[in-house]
Every structure is written in structure tokens, then in C-alpha cells.
Amino acid sequence: MEFCNCIEPPWPADELLMKYQYISDFFIALAYFSIPLELIYFVKKSAVFPYRWVLVQFGAFIVLCGATHLINLWTFTLHTRTVAIVMTTSKILTAVVSCATALMLVHIIPDLLSVKTRELFLKNKAAELDKEMGLIRTQEETGRHVRMLTHEIRSTLDRHTILKTTLVELGRTLGLEECALWMPTRTGLELQLSYTLRHQNPVEFTVPIQLPVINQVFNTSRAVTISPNSPVARLRPAGKYMPGDVVAVRVPLLHLSNFQIHDWPELSTKRFALMVLVLPSDSARQWHVHELELVEVVADQVAVALSHAAILEESMRARDLLMEQNVALDRARREAETAVRARNDFLAVMNHEMRTPMHAIIALSSLLQETELMPEQRLMVETILKSSNLLATLINDVLDLSRLEDGSLQLEIGNFSLHSLFKEALNLIKPIASVKKLYVTLSMSPDLPEYAVGDEKRLLQVLLNVVGNAVKFTKEGGISISAFVAKSDSVRDPQAPDFFPIPSDNHFYLRVEVKDTGAGINPQDIPKLFMKFVQSQPLAAKNSGGSGLGLAICKRFVNLMEGHIWIESEGLGRGTKAIFIVKLGIVGRSNESKLPFLHKSPGNTGKPNFAGLKVIVMDDNSVGRMVTKGLLTHLGFDVLAVASGDECVRVVTHEHKVVFLDVNIPGFDSFEVAVRIREKFSKRPERPIIIALTGNTDRMTKESCLRVGMDGVLLKPVSVDKMRSVLSDLLEHGYLVESQ
Amino acid sequence: MLGLSVDRLRADMNRLLALLFHQGVLDEQFLQLQQLQDESSPNFVSEVVNIYFHESEKLLRNLRGLLVDKEFSDYKKMGVHLNQFMGSSSSIGAQRVRNVCVAFRAATEQNNRPGCMRALELLEYEYCYLKNKLHELFQIEQQRILAAAVRYPVVQQQLQQHPNNA
């Protein structure tokens, strides 16, 4: 036998078993070799595979296993020692690698497994996100619908359109079969079907408001599902298929007063409307939550839109009312102005027209008195005189009162003696009082100043009026007049608690009390005393006379003098006390008088000397020119009469003292002449005084004349006396104050 | 007889004046004019009145000429004339004449032609009346002056014996 270094296979060479083993080993080796190949191929293909080292290991392990099984093939038969050594080496290597791999796998396999759990987790997450996305999408769609609805609803301020649009859009968005709005009636006891989407209701449907289902809906701000059979939901004629689900929601009807400045409108209002929405009958649709939310939001928006519409309506109505009132006010103002203008015109005319005949009557009657008359005639003439004097006084009073009310009366301030004023009043009243056998006493307090600054004539008028009234209404006894300086603590009129006489350095308050023992006055009648034309004693003696104007005028004069007048009486038969307080200036202090100071020369004795003074008269009317020239010549002036403005400007020199311009010349601007004359003379002392002669008594003419630079205005026709006094004042002071 | 007549003439004059005042033909302004008559201008009133007559007749002629014209349309010019007439009438105290002028002017402002015609006729009438009366007045005045120039010492006594019973 040859010696071969061969190794005997461990097992006997059993033919069949050996064959199967041989084949299995072969296939195993084949598989073992192809697996790593596949692995490598697919790993190469994949982008991500973090375990390359493991793969290498695994590959090595598999290859070696394969190699082992492959080499095993040769060990089935007799084989050399080399083969055995190779076999052993590969086995050892395989053992090493496989152990290493086994060790490695301990680390790897949990990782691999966790991949799977992560995948599962991610899948769950994705499913969740999907669900959420679906929700958001629905919400977004709802929001879009609401925005669109709101836009539609709020784009109009017309109530009807708002409600109609709401129903239409809701119907469209939600695919409703019917949508209706029930509004509360005026009485608030019923709901009336006001708007429906499709079904036009010819008959007015009403439903009492106290139904439980309605209360249920009104008590919550959410949309409530109600039964399709409730009266509010039975909008379609019945007899169809299964009616769809119905939902109702309340719509608050906000009022203007609900909107406070800083707060959101409070829903304390009890007025709601009811919106009912019906799904299509045979659709088996259900109300989803997001749809209900949509309906609630829409209901709120509608409420806001309605309230805006209401506010707008309100403000439009208010604006129309205001405009109407404005127009009415304007018209009233214009009417009032026209009336005032008419009255002023009337007054201006009547002033002259009424006084002229009166003067004529008085003048002629006095002339008549001086002729030889029989006793009866004399009596008649005296009566005529007395009556006409009374009438003249009345006319003056009425005209004065009108001017007082107009505010155009100005006090003529001047220095006067208080003592002589009271004495004069006393002298005037004594004769009448003695006829009635009444005594009159006057007591003047020693701290009264001797002289005062004020309107003497009007103060005398007030005093005479008050004293005259006292005498008139006293049958027996007498009158006592007392005058003193008013102190702040003197007894005040209970009806005028705000009047405080506060003396100052320049002024003092004169207080005069006239007490009589006469018939007295009912305290209730006292407020009426100072009202115009009201007679407080209609049944009094027939010759009580008076038109009721006296006290009213007194009150106005006293008010002009910044004072107060009132009457106190304890009742009928207990006498009366009339008290007035007026503000007078103190002589010698620096008085700020409203008018330029007119010094009343004590008695105008002797004519003022006009001899030789040069004046110019401009009048284009020859008659008027001649009359004015005659007038001035009569007074002693040296008059130059011209007929045109040009001539006037040409001949005027610094020697002329006064220029009289007739201002009523139509188509001719006397104002221009005045301006030119002023321009001709630069300095004041040389310039002649310019006086306008006008037949127009209104303020406008006066103001225009003064504005142009004229020094005064005289009303035509001018009497001799008037011209004389005006010119003497003028030449003494250099300017003219009063023109009428 | 002449002596007595001074008083009678004065009475006549006063009576006439009173009548004219009563009728509203004259107003206070005429009295003012009379006051202006003094030694330096003894004929003041008659001079003024004569100028007035002169002017007025001219104005009246103009007014009539304007109105009679068939194609008349210049109311403004009439207004101007009327203003003048009014002014001079006021200056001498011819109250009624002035009032008619006012009415006339109103008619011109309304362009009322028939109204203007009526007013013009009334104006002419009033003016004639005034003129006649004033002439009468001046006549009496003249007579009075003449009569006063004749002095009889016996006049005074006779005056005392016969009180004025006008």
C-alpha cells in the first residue's frame, strides 16, 4: 500500500447518505456564496445603509461558512492532508468570524428592531396629522364661508338686504332646504315670520313668543337643534319625506343704547329674533359641529350688521331733522330780521311823522292860548293842550321803549346836581299832591355826594314816574321820599338775590325809596307791575290813567344804569314802597364814560356867536339849498351855497368852519366829496367839519357817513333851534355826538 | 278901515294857515321857514316858494312828457325827478305834495304805468291847490304889510275895543 498523507473521512463511505450530504454541502456553499453577493448588490443599490462594517463581517462569515462547506465536499472521499489542513483553517477562521459576528449582532439587532418601532410610530403620527389637517381644512373653509358671509352681510347698510343676503348665503354655504327669520312684533308678544329663503309666505305667520322651544333657544347663545315639528320649523307644507334636521339660533337685536363708549354691547336686551335653518329633507345629513359654529358666528354678525343699520337710520333721521330745523330756524331768523327791519323803518317814519303833527298841535294851541279868548274857549284850548301834551308824552314813551328794547338807546351822561334833581321832582309833584291834600317829604342822607355823573333827564323821568305813581294811587296821607347811598348790606329785593351793589372808587349806588300810604298792591300782582301794558287795577278809579308803560320804561332805564328797581307792599290797604338803586359816577374821578362828555352849559342864555363864521352848503336841489342857506344866514353865518361836489371841493378853504353835504342826491356820491375834502386838508385844525344832511333816519346811513369820515349827521328837515344847538356844540367841542 | 284890517288880515292869514295845517297841505317845516324871515331877509319865504314853484313846474312838465310818450320805459329817470321833487317839497314843508310823490315813486318802482298816470294827475292837482293857497297867503301878506305901513294912532284903541273874533 502506498503511504499517502491522507485522511480518512470520519464516516464510512455510505453511498446514499454521502451523496445527499455532498449535494447539500454543495448547495449550502452555493447559497452561502450568493447571499453576500446579493447583500452587496442590494446595499450598493441602496443609498443609506449605516452598517457596512457589519456587512463585511457578515459577508466574511458567510463566505467562510460557504468555503467550509465547499471544502467539505472534498472530505467525503479520501483526501490529502493539505485539504484537511485547509479545511481546518477555514473552519477555525469561520469559527472566529462567526463568533465575532455573533458578538456584533448583539449590538446590532436591537437597533434594527427599533427601526421597525420607529416606523410604526411615524405611521401613527402621520395618521394623526392627516386627521388634524382634515380638521384645519374644514375650519378654514368654515372661516372662509363666514368671512364671505360677513362681507356680504356687512357690505350693505340696508336692513332688508342684510337679512335677505344672510339667508341666501347661509342657504348656499350650508346647502339648506329652507332658512327663515322670525322677528318680534311691535308688541313683543309674538314672533312674526319676516324673511324666508325660498318659500314666499303670502299670509303673515305669527307665533307666540312664550313657547318653550323658543325660550330654550333664546336662553343660550349656541345653535340649538329643535324638532322639525315645532311651530317655528314648520315652514314648508307638510306631507313630504322625512324632514331634515332643524337648527335654531337667536339673533340679538341690539339697540343704539346698548353701545356704551368703552364697553362691548351688553346683551341685557331682551329682544331676539329667531333664525331657523332646515337641512334638505331626504339627504340624511346631520348637523356638524363646525356648521353649528358657522351658524352662531353668522347670527352674531347679523346682529352687529343690523345694529349698524339701525344706527345709520337713526343718524340719517337726526340729520334730516336737524336740516329741517335749520331751515325753519333760518326762515324764522329771516322773518325776525324782516320784522325788526320793518319795525325800525316804521319807527323811523313814525318818529318823525308822529312828532311833527304833535308839535304843530302843541305849538298852535299855545299860540292860540295867547290870543284873546272867551272863557269857554280858553277852557277848551287848555284841555286841548293838556291832552296833546299827554299824547306827546305817550308817543315819546312808546318810541323810547322801542328804542330801549332795541338796545339803541344810549344814556346821555353828564354832571348834574343830585340836590337840584330831587328838588325839581319835588316841585313838579307838590302841586298835584297838594290838590289831593297829600304831604310830600324828602330826606336826603348827608353822605350823598352833591354832584354825580349820569343821565339826569332819565333819572328824573324814573323818579317822577315812581313818585307820580305813588301820588296817583294814594287817596290820603302822603308820600315820603328818601335818598341815600346804597350799602352792600342794605335790604335787598327777595326776588333778585343776585343783585349786589358794590361801590368802587369811581362809582356809587344811589338808593331811593318812595313810600306811600295808599291803596297798596296785592303781593301776587307785584311781578306784573313791570310788564308792559298790563294794568294791575282794572277796576281802579277811572282817572288813574297811564298806559302801563311807565314802570316798564323805568325798569329799562334803571337796568341801563346798571341798577335795580322793585316794589314792596304788604297787601291791599297797607301802602306801597317803591325802591330803586342806580349806579352813578363820582364827579372828579377819572370816569370812563361810554360817550364823549357833553358838558351841559347851565341855561343857554343868549345866542352863541356865529357872526362871520364861514360855512359851505352843498345841495343840488335849489329849494333845499336855499332853505338851508336861509337857515344858516338867519343864525348869523356867512354862507356859501354850491350845487355840485366838484365846485364844493374847489371852493373849500381853511377859512370855512363847516361844510354841509346833502347826502340824498341820487347818482352822486357825497361820500366821495367828503373823502376829497379830507384829502385836500392834511392837518385836523385846518380842516372844516363835515356834516351830512339826510332825510334818511336809519342807522346804515349814519354809519356809512361816519365811516367815510364825516363828523356828524343831521336829519332833514332841521329846525332853527336844532341847528343852533348843534352848531354851538360842534364849534365848542369840534365834533357832534347825537344827531337826533 | 285900513287899521282894522291889519288884524283882520292877520286873522285871515292865521285862519288860512290853520286850515292848510289841518288839511295836511303844509307842515311844521313851513313854520320854520317863516321863522327864518327877519329884517335881513324880509322876503325869504316868498323867494323860496317862488323858486319851488319854478322847479316844480319844470319837474311836472318833464314827468308828464315822459309818461305821455308811447314808448316810455325810463322809470329810473322818473324816479330821479321825483326824488328832486320830494326833496324840495320837504324843504318847504309841502307835506301833501311830498306824500303823493312817495306814492308816485312806489308806482315807478313797480313799473306800474297806469298807477304812475294816476299819481301824476293827483300830483298835479295837489300842486295846483298848494300853489293857489300859497298865492292867496302871499296876497294877504302883501296887503297886511301895506296896511301895517299905514299908521293910525287910533288903531290901537280900536283894537282894544274890538277883540278879535275870528
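Glycine is treated like the rest: Cβ placed from N, Cα and C.
What TrEMBL lists as transmembrane segment is A:20-41, A:53-72, A:92-113. The Cu cation binding site annotation in TrEMBL covers A:Cys65, A:His69. Summarising the annotation, TrEMBL assigns domain 'Histidine kinase' to A:349-586. Per TrEMBL, ADP binding site is recorded for A:Asn469, A:Ala470, A:Val471, A:Lys472, A:Asp516, A:Lys532, A:Ser547, A:Leu551. According to TrEMBL, the domain 'Response regulatory' annotation covers A:614-731. Feature annotation from TrEMBL assigns 4-aspartylphosphate to A:Asp662. Look at TrEMBL and you will find A:Lys716 tagged as ubiquitin cross-link.
Overlay of TrEMBL annotations on the structure.
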residue: A:Cys65; record: Cu cation binding site; DSSP (3 states): helix
residue: A:Asn469; record: ADP binding site; DSSP (3 states): helix
residue: A:Asp516; record: ADP binding site; DSSP (3 states): strand
residue: A:Leu551; record: ADP binding site; DSSP (3 states): helix
residue: A:Asp662; record: 4-aspartylphosphate; DSSP (3 states): strand
residue: A:Lys716; record: ubiquitin cross-link; DSSP (3 states): coil
### Task
Sort the recorded positions A:Cys65, A:His69, A:Lys716 by C-alpha distance from A:Val471 (ADP binding site) and give me just the closest.
A:Lys716
### Contact set, same chain, for the transmembrane segment (A:20-41): CB under 8 Å, 6 or more residues outside the stretch
55, 58-59, 62-63, 65-67, 69-70, 72-73, 76
### Query
Short question: which residues 6 or more past the ends of the transmembrane segment (A:53-72) have a Cβ under 8 Å from it?
25-26, 28-33, 35-36, 39-40, 43, 83, 86-87, 90-91, 93-94, 97-98, 100-101, 104-105, 108
### Query
Just checking, which of A:Asp516, A:Asp662 (recorded positions) has the fewest C-beta atoms within 10 Å of its C-beta?
A:Asp662
#### Entry: For the domain 'Response regulatory' (A:614-731), the number of residues DSSP places in helix, strand and coil
54 helix, 27 strand, 37 coil
### Distance from the residue listed as 'ubiquitin cross-link' back to A:Ala470 (ADP binding site), taken between C-alpha atoms, in Å
41
### Message
When you rank A:Cys65, A:His69, A:Asp662, A:Lys716 by Cα distance to A:Asp516 (ADP binding site), which of the recorded positions ends up on top as the closest?
### Response
A:Lys716
### Message
Using a Cβ cut-off of under 8 Å to chain B, which of the recorded positions A:Cys65, A:Asn469, A:Val471, A:Leu551, A:Lys716 qualify?
### Response
A:Lys716
### Summary
Students should find that the Cα atoms of A:Lys472 (ADP binding site) and the residue listed as 'ubiquitin cross-link' sit apart, in Å rounded to an integer, by 40
### Query
Looking at the binding-site residues A:Cys65, A:His69, A:Asn469, A:Leu551, which has the shortest Cα distance to A:Lys716 (ubiquitin cross-link)?
A:Leu551
### Query
10 Å Cβ neighbour count around A:Leu551 (ADP binding site)?
23
### Message
With the cut-off set at 10 Å between Cβ atoms, which of these binding-site residues ends up with the most neighbours? Options: A:Cys65, A:Ala470, A:Val471.
### Response
A:Ala470
### Query
Any idea what the Cα distance is from A:His69 (Cu cation binding site) over to A:Leu551 (ADP binding site), rounded to a whole Å?
151
### Task
Give the number of CB atoms, excluding that of A:His69 (Cu cation binding site) itself, located within 10 Å of its CB.
21
#### Entry: Count of other CB atoms lying within 10 Å of the CB belonging to the residue listed as 'ubiquitin cross-link'
22
### Message
For A:Asn469, A:Lys472, listed as binding-site residues, tell me which one has the smallest number of other Cβ atoms within 10 Å.
### Response
A:Lys472
